[in-house]
Amino acid sequence: MGDHLHESKDFLQRNAGNASILADANTSTSTVAMAMFFGTIIFTTTSLASRLWLTGLWRWRNGDPHDNTGKGNDKSQPLDTSSLPSIYSLLYHFTVFGLILFYSYICEHHPPHFQEVKTYDRDEFFFWMISVIVFAGGHTLRRNDEIEQKRRESGDTRNARGNVKDVSNLRKVQEYDETQSDATSSPENEVLNHCQTDEWKGWMQLTFLMYHYTHATEIYNGIRVMTTCYLWMTGFGNFSFFYMTNDYSITRVLQMVWRLNFLVFFLCLTHGNPYILYYICPLHTYFFFMVYAVMFIGKDRNYTKWWIRIKLGVLALIIFFVWDCDTGIFEMMHQLFLSNEPISGAPMGSRWEWYFRSYLDHWSTFLGMIFALNLSTVSLFYRKLEAQSMQSQWMGKCAMAAGMIFAFLLWAKGPLMYSKIEYNSTNPYFGFIPLVTYIYLRNLTPKMRSYSMEFLHNIGKTTLETYLMQHHIWLTTNAKTILVFLPGWPRVNLALVTYLYVLLSRKLHGLTLHLRGMLLPNDRGACINSLVCMALTLSGFYSAAFLLEGMNMISLPIVGIVSALSGILMYHTIIDLSWNAYRKSTQKKSVNGDDDDDYTAISQSERSEYSTEQESTDETIYSKTYPPLIGALVLLVLGLCWSELAAAGASAIGPLPVTCNAFVNDGMWIPIDGCNESTRGIAYRNFGSASYGSCVPPPNSYMWAWKKQPSYTHCRFGHRNEEKLKQILNRREVIFIGDSMTRYVYHASMQAMGIKSSGAYDATGPKHADISNTLFETTPINFKWAPLAVDQLTILKDINRLASEDTSFRPPDLIVLGGGAWDLLHLYATDEDRQSHAAVLNELEFEMRSARGLGVAVVWLIPTTINSQALNTEEKRDHMREEHMESMRWVYARSGILSASSFVIDGPAFTSSRVSESYDGVHYPPQVYSAGAQILFNALDWLLPPGIIEPVTPPRIGKMANPTFGVAMLILVIIGLVGCDGFLGFSYLSTLFAKGVMPHHLYHEAFSALLIRLGLRAPDMVGTQTKLNPWRLNTSPNSSHPTSAGVQFQRIKPHRENGLQSIEEISELLGFQNEVR
């Protein structure tokens, strides 16, 4: 019997890796298209680099002989299709981008080791969070101006507010501020300054990532608030940009959509995933367009006090009727684009998934817009408070803080404590409470506004990339399992994987911005041309992949050939268009030394050396023919790496292959240290235990584990929980037939499926009887008492007979048989008994094969190990010792019982090492049989075809609507808009103790300063008595706007060409009603 199993195992182990070599034949069409697309780019880039090297022009590849980075300038320039350095830079960055995507594909689909299951330890989660925050605060706390200085030195020209590059207007604002009695401000200590928002995003992203990595489901409600904050910042940031720049060009829209979707677009194509799987990106894109539409409509009147507020009020009503009322509007808006078909990331269909995701934060972006609109008032509110006496200042601040903290505590004691499903319905209406509380307290003093944690600030700059790439290169299986490079070393593995993850995420951030600068410059025509070319190129490769799939020709060699042919065509096209001009330009620069200031400073002898070098680089047959060969060689190496990783690596999470039949019984019992630090902490926190009385050795301190198997076997065994078993066994029928050993495995199976009372000791019930259970309301799982082989044969015959005679009879999907112990004890004493038993086994073997012919999976349970010393009767000690049972196991193997089975559960495999725990010589504690049950459950992956998928009926769109809470939100919106308060009314609490800080009274003064920033006002006309004067006095008779006094006004040069142009508009600006003082 043992040799039979080992021979099968050896055969399957020799052939287990073969199936994985062809695993790429099952990849999606888009994956094949991306392989050809990036293969072509890599071929072309390598070929161009080789030609530059062979001709001695390598140092000129970026137009700068002193740049040895291979990347050119960090700041990207618009693509010039006639310039070889520009084309090479584009291809180089796309090559790096493609290689990172290739790495993500390998990590997701062919990782070097089996993925690990997430485990949660509250103590460990908070240890890591506190450690990082302490490190960030203790070692990287910097003044914002220091952080901004580093950013400017690195070449990042972004400003704190919406890319406004005219800093002269910002200086005018500061000069104006200094003439007032308020505390002064600067961009570095402004409310929600650039450094602070990046820090905010950084610590939220850190928490978000740790939540995913550790599976910390208990903080789900808090994570939902962080998603709310991200979408709030979408409204805040984009509203600020449009308001400050008045730039509504198609170029701006395309650049923003590129930033949000470039990486996710290629991830979807590379991995064959639907867009909604990465739901953060569609949410940000969707609400970005909402902000854009609102700001674009009537944009020339956005700077009047009431027009912008009326628009936001109308938007609030639209949000109310779409999401807060069950009107059907949402479904009408989206039914053409979304469906009810289950897909990855949307098991209930994309329509419901999008409704659910958008509903959770349908007010978040809008509230961010309100805060951005009132930001000038909020900023002045802080400065007015801080300019007052210490007592008035802090009484006002504390009054407002008390109100916010009180609301926060109500939220923390109420909605935050709800279950996940209950909380989801409240998040749109209460999630803003911790958000505005954090903003207020984080900006409480000028010093707090002036400092940020640089470490978190740096994390915050790449939140989009770290969010997306966590799915594939930090975690795997779309963020459901842990990527493993160093099995057995979880913390060291975390350090290694995290280092690569952060490094590549930051690189992707730079690549996204660099490629955007090249392909989407501030030129509408160039943007459209770039996007059309990209769309046509990708469509061409997708069409090629589709044709290859239709002809069943998808394989790595074919993909490589197509990539090489396309690369040759692209390479020669680039050479024909740009090579001669490029050589002439480099020769001219090397002779004249006019490439840059550094080069002109070199000596004449060095300049002559450059000239001689250029003259000696005449192209040869080698420089013309070798580059494509080198490009093909690089493609070959990449293809071989892909093939080897596919063959030797593990696979994406999925059903176990049938080859795992050889390994599923190979396991061991591992001793558990119950007194380690982790378990002691859990015991103290959850059960109030101060110390343990027992640790190891046993009893019952062991855990079943499978032995390590090579990754290429794809045999990633693991514990199957109730949810997983429900998916496998839904609407199936299972029958256990056998003796008490089989019955104990049955009880262990029932316990794993949620019936914890199965097998409980009950002296009043029948000992030998059938047992019936129906699980999940759809799956009957029964036990038939059949201790003898003849009993098992009778039951199996009846099943086969009914299946052949009655067409309406549906045989069970799985039959688990086991026996031998009772035959050995009662019917195996004489030769006649043995002959009779052999005849029964022959018939049983035949019936087992017949059942398999009917589509039934038949499993045989080999009798477990006998503890001879513990046998409690003389008869058992005489006839059923372990040596006797081993002989019986051989009898069953020689009779063909094992070979007739679909699968064999090796009883001694999970009992031999625990034989001393067999209390009566035959039976074991229930925990031991759980190993046999888990062996069976893992085998179900190949024993049973894919489970029956129930028709999905998604919940009704509009189900989550809550008009009552929606009306409450409308009231808060009115307070924020009419009261000019970004804190939605909380600011008015400070007026109880501080004078002159009423938000709506601050509006005129606050927006006067804002108009200076926008170039709509002259600072020299602003004083304590001049609330609004965007015009200079002009006595010229040719002036275009006479007043009743004969005095005319001249418009100061606006910050934008499409600024406000009429006196009527200016007189209504900010609601001053023609008030000019």
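Positions of Cβ are set from backbone N, Cα and C atoms, glycine also.
Copied over from TrEMBL, here are the features:
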TRANSMEM  32-54  transmembrane segment
TRANSMEM  87-105  transmembrane segment
TRANSMEM  125-142  transmembrane segment
DOMAIN    186-530  domain 'Cas1p 10 TM acyl transferase'
TRANSMEM  276-294  transmembrane segment
TRANSMEM  306-323  transmembrane segment
TRANSMEM  363-382  transmembrane segment
TRANSMEM  394-412  transmembrane segment
TRANSMEM  525-548  transmembrane segment
TRANSMEM  554-579  transmembrane segment
REGION    588-619  region 'Disordered'
COMPBIAS  601-619  compositional bias 'Polar residues'
TRANSMEM  629-653  transmembrane segment
TRANSMEM  965-989  transmembrane segment
The transmembrane segment (554-579) and the transmembrane segment (32-54): do they have three or more Cβ pairs under 8 Å, with pairs 6 or more apart in sequence?
yes
By Cβ distance under 8 Å, which residues at least 6 away from the ends of the transmembrane segment (554-579) in the same chain are close to it?
22, 24-25, 27, 32, 35-36, 39-44, 47-48, 51, 81-84, 87, 541, 544-545, 548, 627-628, 631-632, 635-636, 639, 642-643
Surrounding residues of the transmembrane segment (394-412) on its own chain - C-beta under 8 Å, 6+ positions past either end:
385, 388, 430, 433-434, 436-437, 440-441, 444, 983, 986-987, 989-994, 997
Beyond the flanks of the transmembrane segment (965-989) by 6 or more, those residues with Cβ under 8 Å of it:
309, 312-313, 316-317, 320, 323-325, 363, 366-367, 370-375, 377-378, 381, 399-400, 402-404, 407, 426, 428-429, 432, 436, 439-440, 997-1000, 1002-1003
Over the domain 'Cas1p 10 TM acyl transferase' (186-530), what is the model's average pLDDT?
95
Folded-back contacts onto the transmembrane segment (87-105), same chain, C-beta under 8 angstroms, at least six residues removed:
31, 34, 37-38, 41-42, 44-45, 48-49, 52, 61-62, 70-72, 76, 79-81, 266-267, 270-271, 469, 472-473, 504, 507-508, 511, 514-515, 518-519, 574, 578, 638, 642
